[in-house]
Amino acid sequence: MATQKFSYFLLVLLMVFALILPSIISVEVIPCIAGSKCTNDMTYNELCRFKGFSKGGFCQKYVHQTIGRCCCHPTGLESQESSISGDTNVVITN
């Protein structure tokens, strides 16, 4: 009887772990520049492009804060934003 209760507990524990594990693995790390302070996105957009981040950077601010820190968009994972062209002279044919 004790082994059946233990097996049931172990099964539930394994299922919870299996549900949590993928979210832990898939966390996208956003590199931020240590000690940086910013007030707008334009300041660090060019700096991140210069450092090799093709999508540029942004100013990460927290609630009720006027000064944030500079973070760069990671380039390793492609998203839907990567399909948007910066070229304004794109011809779309039907």
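Here, residue 1 is simply the first one shown, and the rest follow in order.
Cβ atoms are placed via backbone N, Cα and C, with glycine included.
Quick caveat, the model's predicted, so the values are computed rather than measured.
Cross-referencing CYS38, CYS72 with Swiss-Prot gives CYS38 as the cysteine bonded to CYS59, criterion being a recorded disulfide.
Sequence-distant neighbours of CYS71 (disulfide bond) (same chain, 6+ apart, CB under 8 A from its CB) are ILE30, PRO31, CYS32, ILE33, TYR44, GLY57, PHE58, CYS59, GLN60. Considering only the disulfide-bonded residues CYS32, CYS72, the Cβ with the fewest other Cβ atoms within 10 Å is that of CYS32.
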